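Here TrEMBL flags Pro2 as active site, schiff-base intermediate with DNA. For 2-120, the entry in TrEMBL reads domain 'Formamidopyrimidine-DNA glycosylase catalytic'. The active site, proton donor annotation in TrEMBL covers Glu3, Lys61, Arg270. According to TrEMBL, the feature DNA binding site maps to His96, Arg117, Lys160. Per TrEMBL, the feature domain 'FPG-type' maps to 246-280.
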Amino acid sequence: MPELPEVEVVRRGLERWVAHRTVADVEVLHPRAVRRHIAGADDFAHRLKGHHIGTPSRRGKYLWLPLEETNQSVLAHLGMSGQLLVQPHEAPDEKHLRIRVRFADGQGTELRFVDQRTFGGLSLHDNTPEGLPDVIAHIARDPLDPLFDDEAFHQALRRKRTTIKRALLDQSLISGVGNIYADEALWRARVHYERPTANFTRPRTAELLGHVRDVMNAALSVGGTSFDSLYVNVNGESGYFDRSLDAYGREGLPCKRCGTPMRRRPWMNRSSYFCPTCQRAPRVSS
Ligand SMILES: [Zn+2]
């Protein structure tokens, strides 16, 4: 799965190459890619035709293209392997090309949705008054959003009977933090992933949020520099960013802070990577 920084880089690419262009026509090459659009492929294509794409927007890992002149947006579900590519018309079709959007201008490029495993897709939705596609209205703001409320997040941690990594991955509390960046931020903050949140102090919450933002901004600055080409791409599996990771994936390697071999533990069908010295497990309450 792509993480927030990857999705933000795609958003920036779309803003540069697709925003304010007019849709000439839409070609759906595989019906599964529009299965979330209940009225079907023809209806999807018809509703986009003739509209201007507004400024691409993002919340957490969700990305959407507002359609100007309407109160609707095209939501992109990237799934495991979805990619949005801006390609010259003459570029050969990708093997797993699912949707093609042509524009009514002379720029010579088109938008392609490519998805090997067809878990992803595009769908059209009404916007909430806030301008969010209605199906993601319940998704909390992400930590890079200037309107993210640190104090409200802290109060939610205090209220919830949960543990910190669960809270970081809870999209109704904070969006866009995936498994990788949760492990990275917890390692930086020296907090064990099973630490209960109920007794988090305000400074501890603030420090952790600071680390979450730091790891995301560091990834953004790497991805942002390699992106000055006619190409928009996201593919979490191939590791679009050359990530420099301190915790995730480092089982058995020395902790970069204290040298203790890093550990991996199964966690909610995933893994948690941590340093057993820097990130002490909480005592089991009796
Ligand atoms: Zn350590």
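Every residue, even glycine, has its Cβ placed from backbone N, Cα and C.
Feature map: annotations from TrEMBL on the structure.
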residue: His96; record: DNA binding site; Cβ contacts under 8 Å, 6 or more apart: Ser81, Val114, Asp115, Gln116, Thr118
residue: Arg117; record: DNA binding site; Cβ contacts under 8 Å, 6 or more apart: Gly79, Met80, Ser81
residue: Lys160; record: DNA binding site; Cβ contacts under 8 Å, 6 or more apart: Ala167, Leu173, Thr197, Ala198
residue: Arg270; record: active site, proton donor; Cβ contacts under 8 Å, 6 or more apart: Asn179
- Determine, to the nearest whole angstrom, how far the Cα atom of Lys61 (active site, proton donor) is from the Cα atom of Glu3 (active site, proton donor). 6
- Students should find that the Cβ of the residue listed as 'active site, schiff-base intermediate with DNA' has, within 10 Å, a number of other Cβ atoms equal to 25
- Message: Check the DSSP secondary structure of Lys160 (DNA binding site), expressed as helix, strand or coil.
- Response: coil
- Item | Pairwise C-alpha maximum, in angstrom, for the residues (His96, Arg117, Lys160) that bind DNA according to the record | 43
- Message: When secondary structure is assigned with DSSP, how many helix, strand and coil residues does the domain 'FPG-type' (246-280) contain?
- Response: 0 helix, 12 strand, 23 coil
- Message: Across the domain 'Formamidopyrimidine-DNA glycosylase catalytic' (2-120), what are the DSSP residue counts per state (helix, strand, coil)?
- Response: 26 helix, 45 strand, 48 coil
